[in-house]
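A.B. asks: Have a look at this one before I ask anything.
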Amino acid sequence: MAWGCFVVLLLLAAAPLRLGQRLHLEPGFEYSYDCGVRGMQLLVFPRPNQTVQFKVLDEFGNRFEVNNCSICYHWVTSEAQEHTVFSADYKGCHVLEKDGRFHLRVFIQAVLPNGRVDIAQDVTLICPKPDHTVTPDPYLAPPTTPEPFTPHAFALHPIPDHTLAGSGHTGLTTLYPEQSFIHPTPAPPSLGPGPAGSTVPHSQWGTLEPWELTELDSVGTHLPQERCQVASGHIPCMVNGSSKETCQQAGCCYDSTKEEPCYYGNTVTLQCFKSGYFTLVMSQETALTHGVLLDNVHLAYAPNGCPPTQKTSAFVVFHVPLTLCGTAIQVVGEQLIYENQLVSDIDVQKGPQGSITRDSAFRLHVRCIFNASDFLPIQASIFSPQPPAPVTQSGPLRLELRIATDKTFSSYYQGSDYPLVRLLREPVYVEVRLLQRTDPSLVLVLHQCWATPTTSPFEQPQWPILSDGCPFKGDNYRTQVVAADREALPFWSHYQRFTITTFMLLDSSSQNALRGQVYFFCSASACHPLGSDTCSTTCDSGIARRRRSSGHHNITLRALDIVSSPGAVGFEDAAKLEPSGSSRNSSSRMLLLLLAITLALAAGIFVGLIWAWAQKLWEGIRY
């Protein structure tokens, strides 16, 4: 379906001066109101520390809160410590027409900082005022049906009014004043709905009329050449395509001789985009024409976080999302309406006896209207949430050391299975893991692992198994580090596994075997990778052969960092496990001695038998 978008801009230029004669509401509280061509305006002058609030009353006396509302044509503006302005269109909510005059009842209340209402009173606004005649306003006709999607350029002419009627359009739109704003001499204001004056007074010194406004004049035109004479600081126009027709239909200027042929002109340009953004561009020349400084221009309802996206000496650019920067959103039928205002703060010059300003009050009302029933493609991007921030404070670290039944590490011995029985050189499958941690970025790091003959990790003698996370080089049966299964384990970095070849500890002085059980211990910590630090340990592949012997293993870590095996590892037959040495040599000599004695006895018996047989044979021969 076609994409519909309507843009209406309201450009208000007013001086912060009085409107007509002030009327006393109560002591210290004054107001005045005036009637314009399209609406009425009420000015209230509060006392210090008072905040003015408005409510409108219907024909039955019911009160309704007043807010900036384009549907009801109600607008409230205020100047700090000066005055508060309530503007209402003759077509606005609760404006009643009686005998050719428009009536609006307004309830005014002044609220103190503590929330207490200080002053309150009803005021009835009647336009035109009773002593003036009414001139019919041809602009009060109902708006026409919006046209299909076509980018247009709007020309603005100054008229003494504060409401704009716009033709429907979509896409990229430029509004520009055809004439400079003129500060007219004070004159009686327009006293009822009627057409704009055909002449504009010449510039003279004096006070300013409260409203000098602009209205949409033409649709489908592009900027005149004089608006495209930008001396320096060209800003490329945000438009799809590079043709001259596309550029000019977007309300921008085109010059094929420039590096960026399509650029913004000396005017105010509003662009509404399907992507959910609007772009508002104002030139320095336009700001000076309306008596304001470009540095003081900002979005009226935006917080401090919505500064201009681009600012030069010649232009100020706002490119912001439709849903941010204080933009009001309304749904009317099948239309989505986004509204905001571009305003300028006045530059106040303070002297010893008072203050002055030479700036006008500038207010540009911007509105983007989209057809809510249109179908648009949507592209969704799903971003995984960031992992939680690492915990930096100290706390307990729960570790567990357990022994697996086989090299698959699929099952483990329970507490009742200890002490385990192993023969020399049989493998023992050891695993250390983190408990009660679900942070996938944590890495378990083993520092030292060792064995002792008792349940005390500080008992002597000791034998190192891992040194600084690597297999101890002095072992002729090097400990084998086993990589954790990344697919089978939910947090594989929380595990460290290695395989030990069983051994017996020797006494450091006598070198005799310490018959008994062996206990395993490890010191560990949890590491969080940061930058280039991956928490991994790089080990040297060199092998140094050395006979196991008990030595002092320096343990300086806190007890909370040390984890031990649930039980000991023992041996089935100590005699079978006797290491090679003097006792083994003694047994061999004994066997050899017994064998020698046996052979000697056998030889003696054999010799004796032969001797006896020889004697008998000799005696037989003699006789």
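Note that Cβ sites are derived from N, Cα and C of the backbone, with glycine treated the same way.
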A.B. asks: Cys262 forms a disulfide with which residue in Swiss-Prot, given the options Cys247, Cys253, Cys272?
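C.D. replies: Here Swiss-Prot pairs Cys262 with Cys247 via a disulfide bond.
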A.B. asks: For the feature pyrrolidone carboxylic acid in Swiss-Prot, which residue out of Gln21, Gln53, Gln81, Gln248 does the record point to?
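C.D. replies: According to Swiss-Prot, the pyrrolidone carboxylic acid annotation belongs to Gln21.
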A.B. asks: What does Swiss-Prot give as the disulfide partner of Cys228, choosing from Cys237, Cys252, Cys253?
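C.D. replies: Its disulfide partner, as Swiss-Prot records it, is Cys253.
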A.B. asks: List the same-chain residues at least 6 positions away in sequence whose Cβ sits under 8 Å from the Cβ of Asn68 (N-linked glycosylation site), in sequence order, or say none.
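C.D. replies: Those within reach of Asn68 (N-linked glycosylation site), by Cβ under 8 Å and sequence separation of 6 or more, are His74, Trp75, Val76, Ala328, Glu339.
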A.B. asks: Go through Asn240, Asn371, our glycosylation sites, and report the one whose Cβ sees the most other Cβ atoms within 10 Å.
C.D. replies: Asn371
A.B. asks: Would you identify which of the disulfide-bonded residues Cys228, Cys252, Cys253, Cys262, Cys470 has the most other C-beta atoms lying within 10 angstroms of its C-beta?
C.D. replies: Cys252
A.B. asks: Given the recorded positions Asn49, Cys237, and counting only Cβ atoms in the protein chains shown, which has the most within 10 Å of its Cβ?
C.D. replies: Cys237
A.B. asks: Given the recorded positions Cys252, Asn371, Cys449, Cys470, which one's Cα is the least distant from that of Asn49 (N-linked glycosylation site)?
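C.D. replies: Considering only the listed recorded positions, the nearest one is Asn371.
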A.B. asks: Fewest other C-beta atoms within 10 angstroms of its own C-beta: which of the disulfide-bonded residues Cys247, Cys449 fits that?
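C.D. replies: Sparsest of the disulfide-bonded residues Cys247, Cys449 by Cβ contacts within 10 Å: Cys247.
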A.B. asks: Within 10 Å of Cys253 (disulfide bond), Cα to Cα, which of the recorded positions Cys237, Cys247, Cys262, Asn371, Cys470 are there?
C.D. replies: Cys237, Cys247, Cys262
A.B. asks: I'd like to confirm something. Which of the recorded positions, Cys247, Cys252, Cys262, Asn371, Cys470, has a Cα closest to the Cα of Asn240 (N-linked glycosylation site)?
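C.D. replies: Comparing Cα positions, the candidate nearest Asn240 (N-linked glycosylation site) turns out to be Cys247.
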